[in-house]
Amino acid sequence: MATDAQMAQVAELEVEMMSDMYRRMTNSCQAKCIATAFRESELTKGEAVCLDRCVAKYLDVHEKLGKRLTSMSQGDEAALQKIAQQ
């Protein structure tokens, strides 16, 4: 059973990973969608649409990777349990 310290460490790692993903997504989508020479104080419609699509794709890929890694991890755990039973 996981201790409170272990649970706190897991929660801290999750926050760190989400912060890193947000930072990378922000940097990537801003570089892709927003010109470096600002001509207007507000986002143009094209920039807003580009950012929306970029963020949606980034989150979709992040979710798919998370599901895939979870299924791989569960498969590894099952294999280890089989080996331990032998």
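Counting starts with 1 at the first residue shown.
The backbone N, Cα and C atoms fix where each Cβ goes, and this holds for glycine too.
Noted in Swiss-Prot for the protein shown:
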| type | residues | note |
| --- | --- | --- |
| DISULFID | CYS29-CYS54 | disulfide bond |
| DISULFID | CYS33-CYS50 | disulfide bond |
| MOTIF | 29-54 | motif 'Twin CX3C motif' |
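Cα separation, CYS50 (disulfide bond) to CYS29 (disulfide bond), rounded: 8 Å.
The two recorded residues, CYS33 (disulfide bond) and CYS54 (disulfide bond), have Cα atoms 8 Å apart. When Cβ atoms from all protein chains are considered, those within 10 Å of CYS29 (disulfide bond) total 19, not counting its own. For the motif 'Twin CX3C motif' (29-54), the model's average pLDDT works out to 93. Residues of the motif 'Twin CX3C motif' (29-54) grouped by DSSP class, helix first, strand second and coil last, total 15 helix, 0 strand, 11 coil.
Of all Cβ atoms in the shown protein chains, 18 besides its own fall within 10 Å of the Cβ of CYS54 (disulfide bond).
Of all the disulfide-bonded residues given, namely CYS33, CYS50, the one with the smallest number of surrounding CB atoms inside 10 A is CYS50.
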